[in-house]
């Protein structure tokens, strides 16, 4: 931004009334924010901190989500999170292991005796409060992780996020983009067919209704894919470029070797029993090979991007909000590390470490750091606006 | 008019449900946490006993080796039937599980009469969040009555029911999965109770110097390893002193013969740790903590939820404005 004044620089970030101009934040900024928050969550099982994270996620999503189809999905992530917690708790109740004599027993399930040689697993029996709470907090942590990724998914435009992929993965990115847009398009298709059926006063239910919905939807899907394929073909997608057979093979070999190195390196780092030489060196070697493969693969096709996403102060602020939280929870400086993982044995109220709590609230500042999202004008005749919004032109659907 | 209106209505319901359901879920979880702390505890069946109550056929000897931290090998006695876990959580003993595995995994062990009940390994050495590595953990060994070899426990402490007259041993260190490496360096007979089986049924409550008093009923030192003297040889318990950690202890005194090893020169074994008897003491009490942090968090979460709800309402109103 230090060079010639970019055309965007002329546009004031804040309008006269003190309201910032709506624009979409760089998707990578939201992803950094979400992943950093997920990393922070993985450090703690303190239910108070986890509830704070959930509240912050909910607030930022409400504040900064767009009206796009993928931006309406946060509630499904919340349901998924609730399911995770419920499954955890139910399993812990049924396989009631780890009940200590000092536990607070809430109720007893019918106990199915297991033979002596199978003593490790118990079916049914007393359900203690401690075990249930520990299962719930453990589930809550996983739920929070899911919601962090869900929030990033909701806030960031997946199609624009795929634009930052390296050139070598371009075809992969196109495939992912096309598949990503299938689900919202199907939903929209079903809604459209249902509306048409209502207009025709088609009151059929059951199997006949299914047929009268399914066939138009499938036909719609097929037609869309044909249109998409034609549009892509006319824009030059799927062309191999100037790559020779030898260069393609070199790229493939480099990528395969790099991936092998990465896998071995991660395994070596995480498993304490493997020789030390397997960990970091293999990881570094693998990433080097991968980078070389990506660079070589990216050289064969030259792509330009139309309307690139800018990376300005709000992007920095959002990313730093998330990373700051993760750093505070990983450094464990200035507070007691045991507060991050409070023990339920013996049962006691969890404590709230101030620094991590403040750091999590700091991540919530992303709601203010990010500019307001560009919304489709919610005009009074809502139906046409909604019908128009999700139907993308092929060029938009493809990065 | 019905057709075009429907999407608006569904959209509105969706907006309310996100916030509403999230709030409901939070409230439910808080209620579960709050309601739970008022329930009563289940009674324990097995009871701790003074070391004199354990014989070669009755009671279970619990031995825990603190030599890694410069401490003694502490011995206790408990009644059967019991589990390895109960034995390790009575009479002043306490354990901590891991966050990942729950209390069934013994991550820390502490005894109220040793270092004021401090549990080892400390949080500085082991966070007890994930399962500790096989290179540094409390491994669990049994010696059945009459046997002089240790066997690595094939069951967890909660699933294992020690036989009367057997020895349960916990040592800290490294083993392999099969338990063939990292075996204890001393024999079961050096920690086993050698009191005669006849006398021990109704042992009077431990009085001052209970270990010395009970020493009369002891047989001689283990014949297998005579150099490996234990606290139950009469000479070794000369320096018994009271080390009651808590004034509210129900037993009259908590006798640990802390001065045993230096008081008896010439009996120190080059391999094994010094053995001391850990008499039953009252467990260190714990507070249930303060409700304040929970209340503060609830308030903050409520404020954020209200802000989100206001935002949703404002946006909806803006959408309805012409």
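Using the three backbone atoms N, Cα and C, a Cβ is placed for every residue, glycine included.
The shown structure was predicted, so the numbers you read here are calculated from the model rather than taken from an experiment.
So that you can see what the record holds, here are the features copied from TrEMBL:
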TRANSMEM  A:30-62  transmembrane segment
TRANSMEM  A:74-99  transmembrane segment
TRANSMEM  A:168-187  transmembrane segment
TRANSMEM  A:252-270  transmembrane segment
TRANSMEM  A:276-296  transmembrane segment
TRANSMEM  A:316-337  transmembrane segment
TRANSMEM  A:352-370  transmembrane segment
REGION    A:373-399  region 'Disordered'
COMPBIAS  A:376-391  compositional bias 'Low complexity'
Same-chain residues at least 6 beyond the ends of the transmembrane segment (A:74-99) whose Cβ lies under 8 Å from its Cβ atoms: 58, 61, 65, 105, 109, 120-128, 131-132, 134-136, 138-140, 142-144, 146-147, 149-151, 153-154
The transmembrane segment (A:168-187) and the transmembrane segment (A:352-370) contact flag, 3+ Cβ pairs under 8 angstroms: no
Residues from the same chain, set at least six apart from the ends of the transmembrane segment (A:316-337), whose C-beta lies under 8 A from its own: 25, 28-30, 32-37, 39-40, 43-44, 353-356, 359-360, 362-366, 369-370
